[in-house]
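Notes follow once the structure below has been shown.
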Amino acid sequence: MAEEVVVVAKFDYVAQQEQELDIKKNERLWLLDDSKSWWRVRNSMNKTGFVPSNYVERKNSARKASIVKNLKDTLGIGKVKRKPSVPDSASPADDSFVDPGERLYDLNMPAYVKFNYMAEREDELSLIKGTKVIVMEKCSDGWWRGSYNGQVGWFPSNYVTEEGDSPLGDHVGSLSEKLAAVVNNLNTGQVLHVVQALYPFSSSNDEELNFEKGDVMDVIEKPENDPEWWKCRKINGMVGLVPKNYVTVMQNNPLTSGLEPSPPQCDYIRPSLTGKFAGNPWYYGKVTRHQAEMALNERGHEGDFLIRDSESSPNDFSVSLKAQGKNKHFKVQLKETVYCIGQRKFSTMEELVEHYKKAPIFTSEQGEKLYLVKHLS
């Protein structure tokens, strides 16, 4: 029989809905299901319910030891080759607690990060381009759960590529080839666009290009295998990759950046007159995350929000909220006729909006609570 996993509450949590469970700091709980970002647990009174996964931590030493072992096997520490992720039938100790229903421990597959990703929620995992993560769980909504550098969390699956059985050396070689491709032909190639930097950017590796806000650059290549990054040339001749959401295309698009075009104008977005929630002042339809960020930063106040169509899932939506320091984005899934955000379910989007005007949509570990105060105007 599988060993029961014990978790301990790191913070107090008060249930917001019937299917959730109140917990107290340092309370011991039994873990029943950890396949989502909210975990199902049982308390000493035999009551069960969902709690935020970042409010509890595992205290099961055998389970921790197994996780370390699985990670070592996957990374090949102390071995010439990595051990296959399929459990060895000759290892009954592993079989004794691998539960087929716990997807967290079923995968342990390496994947390589294609693009940088900054976590927006406390249960997400930040990604650094060029590093390797261990994929622990895959969900049908396009988000995967994995571990990197001792941290565990969710990230968008299209930011990584699976390398399965490829040895680490192959990946290093591919990075070398990628770098060589950037270095070669520095001063060749047609100018596709002239862009101006919206924000300063500091490179994290030799492939990328440093620039300051307002810098004008030529776009000379759009790598097909790296769609979020453009290859640009600065006026001093330096060439490298830049994140495309940090720049805007100049309107007149001169042939070279030696000209001095007028500063770019950001599009003014407004509530949508088409789409599922057309006519609602908070619905902005098909705008990008970047456009939402720009609008909230330019004319929003803390607590202002908008709802937009999801870029990654055609039938889903995102709530973008102006917050102190860093704006927040929350995914809303439409399952049949129900709108789901985390473990909470609402029959209409209007009901969801009204709920989070009264109840916090986000609570930090420090106790900071964020609400939907009013729609962006």
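Backbone N, Cα and C atoms are what each Cβ position is placed from, and that goes for glycine too.
Taken verbatim from Swiss-Prot:
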| type | residues | note |
| --- | --- | --- |
| DOMAIN | 2-61 | domain 'SH3 1' |
| DOMAIN | 106-165 | domain 'SH3 2' |
| DOMAIN | 190-252 | domain 'SH3 3' |
| DOMAIN | 282-376 | domain 'SH2' |
| MOD_RES | A2 | N-acetylalanine |
| MOD_RES | S85 | phosphoserine |
| MOD_RES | S89 | phosphoserine |
| MOD_RES | S91 | phosphoserine |
| MOD_RES | S96 | phosphoserine |
| MOD_RES | Y105 | phosphotyrosine |
| MOD_RES | S166 | phosphoserine |
Message: Would you say the domain 'SH2' (282-376) and the domain 'SH3 1' (2-61) are touching, if the rule is that at least three C-beta pairs must lie under 8 angstroms and be 6 or more residues apart?
response: yes
Query: Over the domain 'SH3 2' (106-165), what is the model's mean pLDDT?
result: 79
